[in-house]
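Feature annotations, reproduced from Swiss-Prot:
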MOD_RES   M1  N-acetylmethionine
MOD_RES   S19  phosphoserine
MOD_RES   S45  phosphoserine
DOMAIN    56-164  domain 'sHSP'
MOD_RES   S59  phosphoserine
BINDING   H83, H111, H119  Zn(2+) 1 binding site
MOD_RES   K92  N6-acetyllysine
BINDING   H104, E106  Zn(2+) 2 binding site
REGION    145-175  region 'Disordered'
MOD_RES   K166  N6-acetyllysine
Amino acid sequence: MDIAIHHPWIRRPFFPFHSPSRLFDQFFGEHLLESDLFSTATSLSPFYLRPPSFLRAPSWIDTGLSEMRMEKDRFSVNLDVKHFSPEELKVKVLGDVVEVHGKHEERQDEHGFISREFHRKYRIPADVDPLTITSSLSSDGVLTVNGPRKQASGPERTIPITREEKPAVTAAPKK
């Protein structure tokens with residue numbers, strides 16, 4: 001019995017599953033584009049190379065922003081939570097971690113019914129006191145979690161170097 005073995009780098013243009021990894025090219029949690037599900041006429045060509053997924057604009061540019069910053073005087077986290085009301089959000093500190101949780105029950109939007117839930121955890125830097133963490137929600141739906149960084153204890157000073165006449169390392173006694 002003869003079995004045809006195809007080289008994995010050679011794609012047959014009319015084989016419908018010539019690119020099964022296309023769905024795995026996306027970033028986890030990113031939305032699917034129509035081109036991810038259906039082949040275009042150009043993608044059926046054996047010479048077509050799909051552009052890398054990093055060239056696609058991530059969806060958090062318009063929704064789902066999550067950004068952590070370490071500035072000179074403070075630690076801050078900005079999180080887009082515009083789909084949640086303040087009552088549907090919870091921010092808590094557990095040891096050296098800030099945990100943000102949001103959940104809303106099913107409700108109608110322009111596409112149908114939707115329910116959402118998320119959990120985010122951010123490690124608090126060592127120079128931020130967990131008791132000083134605060135949070136606020138802006139009018140455009142961005143949750144900000146802040147904490148001031150501890151300042152160095154005292155001003156910088158130069159320590160003079162003194163010279164000693166005796167050696168720091170002496171010879172070990174011989175046996």
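Every residue, even glycine, has its Cβ placed from backbone N, Cα and C.
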Looking only at the domain 'sHSP' (56-164), how are its residues distributed among DSSP helix, strand and coil? 9 helix, 56 strand, 44 coil
For H104 (Zn(2+) 2 binding site), which of the recorded positions K92, H111, H119, K166 has the nearest Cα in space? H119
Which chain-mates of K92 (N6-acetyllysine) that are at least 6 residues away have a CB under 8 A from its CB, listed by sequence? V98, E99, H101
Could you work out which of the binding-site residues (H83, H104, H119) has its C-beta surrounded by the smallest number of other C-beta atoms within 10 A? H119
Overall pLDDT of the domain 'sHSP' (56-164), taken as the mean: 86
Given the recorded positions H83, H119, K166, tell me which ones have a C-alpha lying within 10 Å of the C-alpha of E106 (Zn(2+) 2 binding site). none
How many whole Å apart are the CA atoms of K166 (N6-acetyllysine) and H119 (Zn(2+) 1 binding site)? 62
Once the chains shown are all counted, how many other Cβ atoms turn up within 10 Å of the Cβ of E106 (Zn(2+) 2 binding site)? 9
Would you count the other CB atoms within 10 A of the CB of H111 (Zn(2+) 1 binding site), including those on all shown protein chains? 6
Give the number of CB atoms, excluding that of K166 (N6-acetyllysine) itself, located within 10 Å of its CB. 5
